[in-house]
Amino acid sequence: MTDLAQKELMVQLGRSFYERGYTVGGAGNLSVRLDDNRVLVTPTGSSLGRLSVERLSVLDMEGNLLGGDKPSKEAVFHLAMYKKNPECKAIVHLHSTYLTALSCLDNLDPNNAIEPFTPYYVMRVGKMQVIPYYRPGSPKIAEELSNRALTGKAFLLANHGVVVTGSDLLDAADNTEELEETAKLFFTLQGQKIRYLTDTEVKDLENRGK
């Protein structure tokens, strides 16, 4: 895909997230690898619903600005994940309602914030690790995500939001949407007796994904 096509897709996805209520104001950011040495990321303070192709930030892997506006302050953790995991091609970070609500709950399992109860959660991301709370923009977030970048596709930032990776922007977006729907179901089912997937069922789904 050309640089221009990647930029147009990012603008399109940002608007789609915004119009469907996955993000508000200037919250959240998106990024995608353009090649081995360059990353496209949303600019600082930008609304995902009002992105423009011309203003999207192009960075090298060291964070130097090659084109467009100044990048989001959270571009640091995007770059850290790309450096650690070559298979990570795109990243979506949102403060979507249900995943952010989930991130504010105490005593979540740090290895998997939601015990699997649908096959789609397992097939899409496998699990969602919980990152301890740090202020937005803290270098500790980049450190934590870098340390885990090879161990999963989805990470819940405590009291903050979600970070989701994919093989491209569309895949990362699809993964994020599946997670938000799973979190919505989690809250909808509160007070009900949930039938969780068994370890055998989870393992079967994981094996089918290999």
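Here the Cβ of each residue, glycine as well, is placed from N, Cα and C on the backbone.
These numbers come from a predicted model, not from an experiment.
The Zn(2+) binding site feature in Swiss-Prot is assigned to GLU74, HIS93, HIS95, HIS160; the stated evidence is similarity to another entry. The active site, proton acceptor annotation in Swiss-Prot covers GLU74 and is backed by similarity to another entry. What Swiss-Prot lists as active site, proton donor is TYR120, and the listing cites similarity to another entry.
Within 8 A of the CB centroid of the Zn(2+) site residues GLU74, HIS93, HIS95, HIS160, the other residues of that chain are ALA27, GLY28, ASN29, LEU94, PRO136, LEU157, GLY161, VAL162, VAL163. Figure note: comparing Cβ neighbours within 10 Å for the recorded positions HIS95, TYR120, the maximum is reached by HIS95. In this structure the alpha carbons, written CA, of HIS95 (Zn(2+) binding site) and TYR120 (active site, proton donor) are 21 Å apart. The most crowded of the binding-site residues listed here (HIS93, HIS160) is HIS93, judged by how many other CB atoms sit within 10 Å of its own CB. Between the C-alpha atoms of HIS93 (Zn(2+) binding site) and TYR120 (active site, proton donor), the distance comes to 20 Å. In the shown protein chains, 24 other C-beta atoms lie within 10 A of the C-beta of GLU74 (Zn(2+) binding site).
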